[in-house]
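Asks: These came from Swiss-Prot, pasted as-is:
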type	residues	note
BINDING	12, 49, 83	[4Fe-4S] cluster 1 binding site
BINDING	157, 161, 164	[4Fe-4S] cluster 2 binding site
DOMAIN	3-120	domain 'MTTase N-terminal'
DOMAIN	143-375	domain 'Radical SAM core'
DOMAIN	378-441	domain 'TRAM'
């Protein structure tokens with residue numbers, strides 16, 4: 001009988017990527033097939049996030065539901081991974097003794113051995129260590145699911161912003177070697193992937209080893225990825241202003257595969273609050289980056305993260321944030337009310353902004369961003385946008401749907417053979433959450449740039465011969 005695996009994922013795109021790798025790994029080693037129904041599963045995995053408020057209680061609430069399933073099926077294996085597991089592993093074991101496996105973001109590759117151990121002697125396993133980049137060496141080959149894919153290029157963060165748990169839960173920055181990244185992307189391209197989103201907690205801090213032992217920059221990596229035939233669109237997230245160097249901006253000037261959209265978190269427009277946050281940059285330095293970017297790529301649109309109600313934030317500080325939002329003209333944002341994360345320096349600060357004031361500031365900020373986003377959408381009316389067709393529209397099975405470079409969903413009439421390809425669409429209608437258009441050009445008429453085939457990249461970067469024997473590539 002087929003063994004089944006259920007994974008519940010909370011949090012960032014890195015967690016989504018990790019969960020997909022867990023599924024691929026346990027399919028390869030144990031034959032587990034994914035199911036959306038927890039009651040059907042032989043193994044339940046919870047991939048957690050500790051960024052938001054009450055993250056721990058959310059975990060225990062979910063585990064309480066799964067405990068009932070285990071009471072009915074004692075052979076059921078329950079595992080908790082992700083950032084809450086990394087931060088609170090022993091506490092989870094003490095409070096939820098029925099949990100069999102606790103693993104961190106850097107030890108998910110050891111899940112097969114952990115499951116075997118639990119199956120063997122029923123002893124619980126806790127492994128929340130930080131074995132650097134080892135996990136990527138033990139994951140199965142990537143499997144494409146549609147024309148877009150996420151690829152993790154680094155882990156961790158060295159910035160230690162005062163509100164953030166990432167350095168404590170995912171460790172400090174560790175970069176994957178460039179050949180490993182290119183090999184994975186080339187494999188995805190060979191399976192029909194057209195757009196890759198490079199992931200990292202501080203993605204533009206990537207400094208990976210090249211085949212000759214030298215260290216490559218993030219700008220170098222972007223150009224190498226863009227050279228792979230079939231990869232015609234590149235995104236990356238999440239970046240940090242302090243690492244946004246001029247060589248990255250030059251890639252925007254000369255590499256059309258890099259989209260005209262950037263998510264660059266700023267958090268606040270007040271230098272005083274930025275200093276309390278440990279951000280190590282000013283609002284003016286942030287605006288200077290945007291100015292250079294728009295000189296290199298005039299049509300680029302910017303999104304950001306904001307925290308409102310940080311300890312000590314005054315009305316004047318908030319007004320400076322609103323001024324920054326207007327000056328940059330952000331297209332969208334992920335914005336949240338400050339909530340202290342245990343173990344961070346900000347948790348020891350006096351949270352002196354009233355809750356109602358925080359909510360009011362968040363409402364004002366989000367309303368302004370929404371207005372700016374709609375204005376950006378209206379400017380697209382009558383323009384021709386290049387769309388990567390992802391599949392049928394959720395609005396109508398008779399229509400197709402895809403995304404623009406600036407991440408707008410566009411619905412339009414088309415044929416099934418367009419799925420997985422690019423089309424140029426004239427925007428005819430603008431709605432709050434989507435656009436509508438009509439196809440004016442198909443991919444065959446575009447003459448997309450070709451540089452190096454995926455097969456060539458695979459042959460150049462693979463670490464073993466046809467017999468599976470590893471070899472040294474000078």
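Cβ coordinates come from backbone N, Cα and C, glycine included.
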Asks: Just to confirm my parser: what is the rounded mean pLDDT across the domain 'TRAM' (378-441)?
Replies: 95
Asks: To the nearest Å, how far is the Cα of residue 12 ([4Fe-4S] cluster 1 binding site) from the Cα of residue 161 ([4Fe-4S] cluster 2 binding site)?
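Replies: Cα-Cα distance, residue 12 ([4Fe-4S] cluster 1 binding site) to residue 161 ([4Fe-4S] cluster 2 binding site): 17 Å.
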Asks: For residue 157 ([4Fe-4S] cluster 2 binding site), just count the other CB atoms lying within 10 A of its CB, please.
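Replies: Other Cβ atoms found within 10 Å: 22.
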Asks: Using the CB centroid of 157, 161, 164 as the [4Fe-4S] cluster 2 site centre, which other residues of the same chain sit with their CB within 8 A?
Replies: 159, 160, 163, 165, 166, 167, 201, 202, 278
Asks: Helix, strand or coil by DSSP: which one applies to residue 83 ([4Fe-4S] cluster 1 binding site)?
Replies: helix
Asks: Between the Cα atoms of residue 49 ([4Fe-4S] cluster 1 binding site) and residue 164 ([4Fe-4S] cluster 2 binding site), find the distance and write it as a whole number of Å.
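Replies: The Cα atom of residue 49 ([4Fe-4S] cluster 1 binding site) is 12 Å away from the Cα atom of residue 164 ([4Fe-4S] cluster 2 binding site).
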Asks: If you draw a 10 Å sphere on the Cβ of residue 12 ([4Fe-4S] cluster 1 binding site), how many other Cβ atoms land inside?
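Replies: Its Cβ has 18 other Cβ atoms within 10 Å.
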Asks: Round to the nearest Å and give the CA-to-CA distance linking residue 157 ([4Fe-4S] cluster 2 binding site) with residue 83 ([4Fe-4S] cluster 1 binding site).
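Replies: Here the two Cα atoms are 13 Å apart.
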